[in-house]
Amino acid sequence: MTEKRLPFTKAQLEEIIAQYPTPFHIYDERGIRENARKLNEAFAWAPGFKEYFAVKATPNPYILKLCREEGFGADCSSLAELILAERSEIRGENIMFSSNNTPADEYQKARELGAIINLDDITHIPYLEKEVGLPDLVCCRYNPGPLRQGGNAIIGLPEEAKYGFTKQQLLEGYRSLRDRGIHRFGLHTMVISNELDPNYFVETARMLFEVVVEIAQALGIRFEFVNFGGGIGIPYRPEQNEVDVNYISREIKRLYDEMIVPSGLHPLKLFLESGRYITGPYGYLVTKAIHRKEIYKNYIGVDACMANLMRPALYGAYHHITVMGKEHLPHDQTYDVTGSLCENNDKFAIDRQLPKIESGDILVIHDTGAHGYAMGFNYNGKLRSAELLLKPDGAVELIRRAETLEDYFATIDFTKLYEFSKC
Ligand SMILES: Cc1ncc(COP(=O)(O)O)c(C=O)c1O
């Protein structure tokens with residue numbers, strides 16, 4: 001069980017709303033920092049342990065700055081994410097560039113920043129060499145395909161997923177890199193998303209340890225690191241439990257001592273690139289009820305919509321909802337909580353038991369700190385919300401303003417339209 005706590009009271013939230021109108025995402029700095037420290041402490045034994053925070057989860061430089069201050073690097077997957085890392089003063093090998101179907105200009109930027117380049121495909125070895133030149137250190141992404149059970153709705157089965165090298169391609173790929181004069185290597189994988197079973201991560205470690213030992217022996221190369229990817233889940237539902245990272249770390253240490261130390265590959269650095277685990281539970285989408293509608297079902301219409309948080313519509317994901325000030329009232333109403341998009345899946349909750357909601361009530365949608373704002377879009381001309389940071393002393397910082405209609409129309413030159421209609 002996980003208690004769905006809030007880092008603010010109703011009165012504090014009302015004060016925040018008086019300054020920043022709903023909807024907005026608000027992130028709890030204290031929660032993020034404490035969690036980051038917990039992860040670093042859990043893996044303190046591991047040589048050169050580093051978490052490369054997955055920028056795609058919360059692409060905001062103020063959040064990246066917090067991550068940098070806690071000793072994290074950045075995992076980037078696009079040009080914009082590389083620039084965000086750079087502008088958050090994360091550079092060099094503190095950036096891991098894990099992209100796929102990568103255009104040359106993105107490799108160019110990654111090279112310019114001195115990032116660790118993680119190749120998604122064997123054909124990218126000559127492509128990278130031709131377009132921007134090979135760096136000293138190269139990493140390859142492993143897709144075990146049918147060799148690994150698992151996957152889920154978010155990431156898909158390994159053999160159906162478009163990412164990575166096959167086992168055979170890894171061997172060929174590292175051989176070709178070695179023959180091109182590369183002597184620094186890493187190995188990466190990302191085979192699961194939002195997984196709550198800690199044993200899954202232990203098995204991923206076993207899989208990567210086996211592969212590095214085999215390839216190092218076959219090719220006579222030395223690996224500097226393995227990157228287990230992200231994918232640590234969070235308890236979106238109150239009846240779920242937090243993943244025990246201390247357990248994962250202990251079990252990985254056992255495997256490290258059994259497999260890596262005797263193989264002569266020690267010290268092998270261990271990297272993670274979690275997003276959701278780091279910030280997910282520490283973000284909240286704050287919205288107000290604006291309409292109640294009773295037809296064949298009962299609906300609560302709020303001022304946020306799927307453009308602010310699309311996980312429920314995309315994956316049927318559960319996000320807990322607190323109605324501020326009504327936490328202790330009986331949850332005896334059954335509602336669909338909806339946004340205003342012209343899409344019937346624009347719902348934050350379906351058939352949810354909640355207290356009776358009136359127009360003007362404040363609803364807090366939990367666990368929106370990762371893959372929340374980040375997935376936003378502008379369908380129906382809906383504007384993306386502000387992002388706020390709740391500081392440990394209770395102050396609130398605006399870390400991204402809300403979009404305006406001017407932003408929405410900024411890419412259209414209306415003057416040409418009028419000139420055209422005059423002819
Ligand atoms: C390559 C890669 N690394 C890391 C992540 C972060 O995953 P999560 O937020 O589930 O930890 C993702 C998510 O899509 C990813 O594609």
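First residue shown is number 1, and so on along the chain.
Just so you know, glycine gets a Cβ as well, placed from its N, Cα and C.
Here TrEMBL flags Cys342 as active site, proton donor. Feature annotation from TrEMBL assigns pyridoxal 5'-phosphate binding site to Gly231, Glu273, Ser274, Gly275, Arg276. Positions annotated as substrate binding site by TrEMBL: Arg276, Arg311, Tyr315, Glu343. As annotated by TrEMBL, domain 'Orn/DAP/Arg decarboxylase 2 N-terminal' applies to 32-279. Feature annotation from TrEMBL assigns N6-(pyridoxal phosphate)lysine to Lys56.
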**Complete:** the residue listed as 'N6-(pyridoxal phosphate)lysine' -> DSSP, reduced to three states, gives helix
**Asked** Which whole-number value in Å describes the distance between the Cα atoms of Cys342 (active site, proton donor) and Arg311 (substrate binding site)?
**Response** 17
**Complete:** Of Lys56, Arg311, Tyr315, Glu343, the recorded positions lying within 10 angstroms (C-alpha) of Gly275 (pyridoxal 5'-phosphate binding site) are Lys56
**Request:** Quick one: pull the CA-CA distance for Glu343 (substrate binding site) versus Lys56 (N6-(pyridoxal phosphate)lysine), whole Å only.
**Result:** 25
**Asked** Which of the recorded positions Lys56, Gly231, Glu273, Ser274 has its Cα closest in space to the Cα of Tyr315 (substrate binding site)?
**Response** Gly231
**Message:** Give me the long-range Cβ neighbours of Arg311 (substrate binding site): same chain, 6+ apart, Cβ under 8 Å, in sequence order.
**Reply:** Ala317, His319, His371, Gly372, Met375
**Asked** What is the number of other Cβ atoms found within 10 Å of the Cβ of the residue listed as 'active site, proton donor'?
**Response** 7
